[in-house]
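> OK, TrEMBL features for this one:
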- 15-196: domain 'Glucose-6-phosphate dehydrogenase NAD-binding' (DOMAIN)
- ARG51, LYS157: NADP(+) binding site (BINDING)
- HIS187, LYS191, GLU225, ASP244, LYS349, LYS354: substrate binding site (BINDING)
- 198-496: domain 'Glucose-6-phosphate dehydrogenase C-terminal' (DOMAIN)
- HIS249: active site, proton acceptor (ACT_SITE)
Amino acid sequence: MTATTKRPPASIVFIFGGSGDLNYRKLTPALYNLSLDGYLPEQFAVVGIGRSKYSDSSYRDRLLEGIKAFSRQKDDLDTNWDVFSKSVAYLNMDGEDADAYKKIADWVNDKEKEWKTQANVIFYLAVAPQLVPDIATNLGKLPLCGDTSRVRIVVEKPFGHDLESARSLNNLLGGLFAEKQIYRIDHYLGKETVQNILALRFANALFEPLWNRNYIDHIQITAAETVGLEGRGGYYETSGALRDMVQNHLLQILCLIAMEAPVSFDADEIRNKKVDVLSAIRHFTHEAVRDNAVRGQYDAGVVKGKKVVAYRDEEGVKHESATETFAAVKFFVDNWRWSGVPFYVRTGKFLQQKKTQITIEFKSAPHFAFPQESADTWRPNRLIISIQPDMDIRLRFQAKRPGQSMMLNPVEMVFNYMDAFDGQQPEAYETLLLDVMQGDATLFMRADQVDQAWQVVTPILDVWQKRQPVDFPNYQPGSWGPEDAEALIAQDGHHWVNVKV
Ligand SMILES: NC(=O)C1=CN([C@@H]2O[C@H](COP(=O)(O)OP(=O)(O)OC[C@H]3O[C@@H](n4cnc5c(N)ncnc54)[C@H](OP(=O)(O)O)[C@@H]3O)[C@@H](O)[C@H]2O)C=CC1
Ligand SMILES: O=C1O[C@H](COP(=O)(O)O)[C@@H](O)[C@H](O)[C@H]1O
């Protein structure tokens, strides 16, 4: 979310995990697209790091396959790749071998001599979380990393497995780097439609008077996926939906919806306002967890015409697994603005539709003056913010149905991203990588945000760990999740919004 489109200064990006899936599918395609769009500095290099044996040339060939499959821009690919790939190199080293780090320092020295200038140096840790402490410690010993103005470290999710491990990782990183050097990724914050929540709320005076407990009945945040584990069973089995999606992405969206207006777009100003929300979210007692949180696990079935096996039969998953592939929670933000307004949040694998969506449901008009017959078609006012795959904002209100009687019909005013703005949207990782090069941490998680978010989910994790689910598997692939999730919201007289209007 750089405030300027100026190119960043000379930059070298080291990717630990250069031979891995994230780099193949997301990071290199993002850098390639930034290059095509003219955002990369002329003096730019990206160096993949890993134990796999590649030469620069064979590494480039491998990445080209990823570009062909995953880049959002594919025109003139061979020519454009020829130009971009000149910036790509590979360093064969083991991140756990402390002696090998001299190679990195030498690489930077040589490049800076060639460029005749100092560069920003970014270390992107796209490796399994258990490797992060060793790599960060080894990096921290490089004299280069003491230069807080130009050296940054990017840490992928998951950031900790629980509150304790997140705190110990924060302490470790905090002892090695200044907070302003640490970029904790939450890729949802890089999505255009997620960033647009700030524009919608704070660049328009229209919504603010209504954006509170006086006018809003409740809020729903859904991140439904039609995919399953996608080969990440080993990781997912130790994680589950609450850790994988709620602790990070969905609580961050909740923060953007619930935060107070920032005074400026300074990174710490935005993050302070978000931390205020996180610290106001009610921590459930163990008793309250039962009433406010629902978990699910998918059975064997069919999604979008394709057969899928039950979660417990997936590779890397235990036979009697208690890991949830669906979670729904009713959160409360206990502050002046939101007191008493429920925030229903849900996410799950193998659901009926891919849909990330926020629904703001407004309170009913105080008095229904229309003929009683028209009450049948009456629906509450809603503002629906679609994050993906639809990218739109829809405001639902009542209109008079044409005819000789005063009958009502709900209608919508729609803003659609693709119609309103020409051209393609940058992918989240493009925005985030550019921000790191620019030194803008607004869209990254600060240590206290991560800590507060873990505090919010910890009571739920504790209860779920202690009480084994007796009814798993409890939802059909291709459905909207377990019946209890509907009951969670229905007990308050509401329904999940699954379809348009
Ligand atoms: N893939 C995805 O879609 C997403 C991934 N993430 C996160 O990104 C991180 C990486 O995930 P992903 O790319 O899928 O994982 P992969 O298993 O595909 O890649 C792991 C990478 O780590 C490298 N590696 C392992 N051990 C060492 C070592 N001792 N020294 C140097 N490099 C090492 C491997 O290289 P080599 O074997 O050559 O040493 C490989 O490049 C994880 O934290 C994951 O949670 C987050 C969101 C999405
Ligand atoms: O972080 C993660 O996000 C993806 C969903 O991301 P999206 O951008 O496709 O919505 C999820 O599938 C994955 O399990 C999780 O680790």
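Quick reminder: no glycine exception, Cβ is built from N, Cα and C everywhere.
Whatever TrEMBL says is automated annotation, not expert-curated.
What does the local environment look like for each feature on the list?
Per-residue pLDDT, averaged across the domain 'Glucose-6-phosphate dehydrogenase NAD-binding' (15-196), gives 97.
Sequence-distant contacts of ARG51 (NADP(+) binding site), defined by Cβ-Cβ distance under 8 angstroms and a gap of at least six in the same chain, are SER19, ASN92, MET93, ASP94. The DSSP secondary structure for ARG51 (NADP(+) binding site) is coil.
Look at LYS354 (substrate binding site): DSSP puts it in coil.
Around HIS249 (active site, proton acceptor), taking its Cβ as the centre, 22 other Cβ atoms fall within 10 Å, counting all chains. Mapped onto three states, the DSSP output places HIS249 (active site, proton acceptor) in helix.
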> Checking your reading of the structure: which of the binding-site residues LYS191, GLU225, LYS349, LYS354 lie inside a 10 Å Cα sphere centred on LYS157 (NADP(+) binding site)?
none
> Near HIS249 (active site, proton acceptor) in space, meaning Cα within 10 angstroms, which of the binding-site residues do we find among HIS187, LYS191, LYS349, LYS354?
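Near HIS249 (active site, proton acceptor), where near means Cα within 10 Å, the binding-site residues are HIS187.
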> What does DSSP call LYS191 (substrate binding site) in the simple three-state scheme?
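DSSP call for LYS191 (substrate binding site): coil, neither helix nor strand.
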> When the number of other CB atoms within 10 A of each residue's CB is tallied over all shown chains, which of the binding-site residues LYS157, HIS187, LYS191, LYS349, LYS354 has the maximum?
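That would be LYS349, with the most Cβ atoms nearby.
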> With Cβ-Cβ distance below 8 Å and at least 6 positions apart along the chain, what are the contacts of GLU225 (substrate binding site)? List them in sequence order.
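In sequence order, the residues whose Cβ lies under 8 Å from that of GLU225 (substrate binding site) (at least 6 apart) are THR347, GLY348, LYS349, PHE350, LEU351, LYS354.
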> Within the set ARG51, LYS191, ASP244, LYS349, LYS354, which binding-site residues show a CB-to-ligand 2 distance under 6 A?
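If the test is a Cβ under 6 Å from any atom of ligand 2, the answer is ASP244.
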